[in-house]
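Per TrEMBL, ATP binding site is recorded for G234, G235, P236, G237, T238, G239, K240, T241. Annotated domain 'UvrD-like helicase ATP-binding' per TrEMBL: 213-632, in sequence order.
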Amino acid sequence: MAAQTAVGVRDQEIAVEQTHLDRVYERLEEKIHEAEFLMDDAAKRGQVGTPGALAERDAQVFRAGLHLNRLNAEFEDFLFGRIDLLPGKDGKRGADGAYTSVEPADDAVRNNTASIAETLHIGRLGVLDADYAPLVIDWRAPAAAPFYQATPVAPGRVVRRRVIRSKGRKVLGVEDDLLRPELSTGLPVVGDGALMAALGQARSHTMRDIVASIQAEQDLVIRAPAASVTEVTGGPGTGKTAVALHRAAYLLYQDRRRYAGGILVVSPTPLLVAYTEGVLPSLGEEGQVAIRAVGSLVEGAEADTYDDPAVARIKGSLRMLKVLHKAARGALECPPPARRYGQAGLFDDAGHGGAQGPVGAPARLRVVAFGRRLELDEEELSGIRHAVLGGTAPVNLLLPRARRLLLDALWRKAHRRYDDAALEAEAREAFDEDVSTEPEFTGFLRAWWPVLTPRGVLAALADEKRLGRWARRVLTPPEVRRVARSLRRLNPVTGTGPLSVHDVALLDELEALLGPPPRPKRADADPLDHLTGLDEVTTFADRMGGGRRSRQDRLDQERSEYAHVIVDEAQDLTPMQWRMVGRRGRVATWTIVGDPAQSSWTDPDEAAQARDEALGTRPRRRFTLTVNYRNPAEIADLAAKVLALAMPGMESPSAVRSTGVVPAFAVVADGDLGAAVREQARRLLDEVDGTVGVVVAMGRRKQARDWLAGLGDRVVALGSLEAKGLEYDATLVVSPAEIADESPAGLRVLYVALTRATQRLTVLSGERDKPDASGVPDLLRD
Ligand SMILES: Nc1ncnc2c1ncn2[C@@H]1O[C@H](COP(=O)(O)OP(=O)(O)OP(=O)(O)O)[C@@H](O)[C@H]1O
């Protein structure tokens, strides 16, 4: 009987919300028609072909199109929340008609009885009815804040918080939290709360937004003022990534003009980029936000290979700064074959014309001027090179200085004496003009001071002897050997080839040390750009023509600096990577989220120093997230054992739920690891509806993919470093000992692996794990 009543109430409440959603859709349709009309009208005006009319048309199309685009994009799951509120303390209402006070009026509650003064619906975008009354409030608006911030301990004006689930135009369900259960208000309450409902859902290969169930401590971070640096720490599963992405959407809502400068989200891996990429579009934001893997921050570089930990450690360290500084200068003197001028690679002749130049570093310069042969020998040239390279200016930008000092030296050799200064100046001018246009001189200069490219110089480090010279007293000989070997993947002449994630920060540093190559003249510029001066409008036209991607591509290409930089998994950035990211946010505000306990970097002090340099003296606000929303308590407890070994004394976040299912342990029978992995993965696939992640040591990635072949796309194989930030319904962790032994930070990497599952975890031990009779490996025993 009671159950029937509950179902009856649920249906009735669903019907109430359906009525509201129907009104919202009617209004949305009106708005879409309005936007379409505007687009149509603007297109007609465009038939008048003057530049002024074009600019006017584009501006209109832009505004209407933006509107239409967003409305269409937001049509799914548009409305998701509702709060029922007591009247506000001072009775004041804001522009949207909602009470502004967080606190209830003094007389709102009498004898534990209160009446609801206001009901607000919350959605992905704000919608006003024809009388400008809010039908839906944008989740980022101040009036929506109580939806997220109210808790049973501090409910403010909120009596009931409701999360509405809908598909298309149909309301499917509601979940309520009663925040003032002591009050009798007559409000019906349905379900066990939205958070638990959301956490129990099966996971797919893409992250969902959490807009309907953001928790109070998370909301504080999302809405924190953007001034300076916001630092967020929290253990696995506390919502750091989710919060960072919602914060990007919030900042854009708060100050769109300011963040038109772009928001950069730096993510540790391409896998995490792919996993999180859908969240911002689902929140109605995408154009201004670029999510990039740390190995793809440099244009043209798409690194997803990893150096072995010993090499990564060297390449990530600030010691590389000195080495690269020397390399950027020393590369000018590289012997053949690398120095074949005129080929892309170490040298680039962009902007200089002439496909073929001399081969090798010319040892002398000979020119004829004023009827005399003038010559500079190797020693003189070396002195000049030294003088040019004296400061810290980028090498490619020193070319004019090199030209000038060469001419000075030749002029001195010409031994012309003039009593009259004006005459001398005139003669010198004629001399410079003569010499610097002589083919011998221009050809020499191209070969002697070629334009260097970052890739070319990086490839030059693959020569062990040369690197040894550039790294003298900075790297040990074994370190030199390791780094040189790791770079043999690159073509020694062109520098092309696969880059490791850590190579990319070196490339970026080299780009700064070398400076930009001279720009080729733009032949393809659209003259209309200059006529209208409306960059954003043209961009919109591009997007309409080329689909969504082209807007994003342009944004990526053009931006090397951003208005806000968000760093996810910040604990993993190496010092060299901090420098690279820092260059992209020199005038930015920052949000940095991370967890030291999950760091795979071995020298946190050096990384902290580089991070402080990137952030400068900007003031910082710190937040800590304390609740683990991903792992059930049973899994979190097991992971805590590894945390105690990896970082004694560090606290784990408390798990918000428990499933009663303890982690399973298995051992490899008959020494056939592949068969065991396959069997355990299959078992997990039967046990959960969603995804299964199989985490292996980095060295076993390829093998693991082969073992899992044919099991379908719900299961994926991951190297331990690739598991960062991701989550699965079930996880199989293969040989904890192997993962832990792979690098000096291996225990923390294992901690990451053990905290990926939302429902089930199986640990498979090999011999090296020394499992006990129940299969529990050495590392995970009490
Ligand atoms: N308020 C919330 N409502 C619903 N789900 C939430 C909430 N907060 C976090 N989650 C979910 O918890 C999981 C973990 O979130 P997220 O990946 O952002 O955590 P994290 O702190 O970045 O974890 P890690 O450090 O392990 O990478 C995700 O599935 C996320 O959707």
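Any Cβ shown, glycine's included, is placed from N, Cα and C.
Along the domain 'UvrD-like helicase ATP-binding' (213-632), the predicted structure has mean pLDDT 82.
Neighbours of the ATP site: apart from G234, G235, P236, G237, T238, G239, K240, T241, residues of the same chain with C-beta atoms within 8 angstroms of the site's C-beta centroid are D595, L625, N628, Y629, R630, P653. With a cut-off of 8 Å between CB atoms and residues at least 6 apart in sequence, the same chain places N628, Y629, R630, N631, A636, P653, A655, E727, T755 near G237 (ATP binding site), listed in sequence order. It is T238 that, of the binding-site residues G234, T238, has its Cβ surrounded by the most other Cβ atoms within 10 Å. In this structure, G235 (ATP binding site) belongs to neither helix nor strand by DSSP; it is coil. Long-range Cβ proximity for G239 (ATP binding site), meaning a same-chain Cβ under 8 A and a gap of 6 or more residues, is found for I210, Q215, Q218, L625, Y629. With respect to Cβ neighbours within 10 Å, the binding-site residues G235, P236 differ, and P236 shows the lowest count.
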